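**Q** Take a look at this one; I'll ask things after.
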Amino acid sequence: MAIVDWPAHERPREKLLAHGPAALSDAELLAIFLRVGVPGKSAVDLARELLAHFGSLARLCHASQQEFSSINGMGPAKYAQLHALLEVARRALKEDFTQGQTFESAQSVKDFLRLTLGHRPHEVFACFFLDVRHRLIAWEELFRGTLTEARVYPREIAKRALHHNAAAVILAHNHPTGNTEPSESDVILTRELCRALAMLDVIVLDHMIVGRNHVYGFLEHGKM
């Protein structure tokens, strides 16, 4: 049965307008994006098929064009629309991190990091540089590596902290494997950076490890 023939309160678009997007399932939200299904399948049926095929909404969003287009009814146009939508979300979150903003919500930082680093196929080490009142001065991606590691140079981080006249930093890097548990080398590096930056009177507030669906914070786990 086509969605247009469903009772109005069950149609995804009408349901969203009546109750807000949080009331919809992943499949219903995806169906609104898809707009139409394929012969024999409604947009909701197609959305469920996509989610079942990829395993989750996050994996669907991070699928390659070839993987995405392997599903009947999906192609370059839908792939482009999806990634345009994701980029809009990234940029909207990034606007929340304007110069001079005070960091008050750990969750907003995590959301930004997931959208910015969670999908990267290689490790990226980045840093928020903050002033004495913990307002944002700059966000920089400093080092890029392989699937399993990024070579990090404490001296370069110290140079950037001095360049920005930062009083504090939040460190972040991603684990492309999706496992956000810190490795022994992550713990050792964090200690080294804390010591090195302390000599410059720069405080390391946190170190966050970013996966596709989760962000691990050293601070909240008592490792700072």
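Backbone N, Cα and C define each Cβ position, glycine as well.
In case it's useful when we look at the structure, here is the feature table from Swiss-Prot:
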BINDING   His173, His175, Asp186  Zn(2+) binding site
DOMAIN    102-224  domain 'MPN'
MOTIF     173-186  motif 'JAMM motif'
**Q** Please work out the helix, strand and coil residue numbers for the motif 'JAMM motif' (173-186) from the DSSP assignment.
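**A** Breakdown, helix to coil: 3 helix, 2 strand, 9 coil.
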**Q** Quick check: with His173, His175, Asp186 left out, which same-chain residues have Cβ atoms within 8 Å of the centroid of the Zn(2+) site Cβ atoms?
**A** Glu123, Phe125, Asn174, Thr180, Pro182, Ser183, Ile209, Val210
**Q** If you draw a 10 Å sphere on the Cβ of His175 (Zn(2+) binding site), how many other Cβ atoms land inside?
**A** 24
**Q** Taking 10 A as the limit, how many CB atoms besides its own sit near the CB of His173 (Zn(2+) binding site)?
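**A** I count 26 other Cβ atoms within 10 Å of it.
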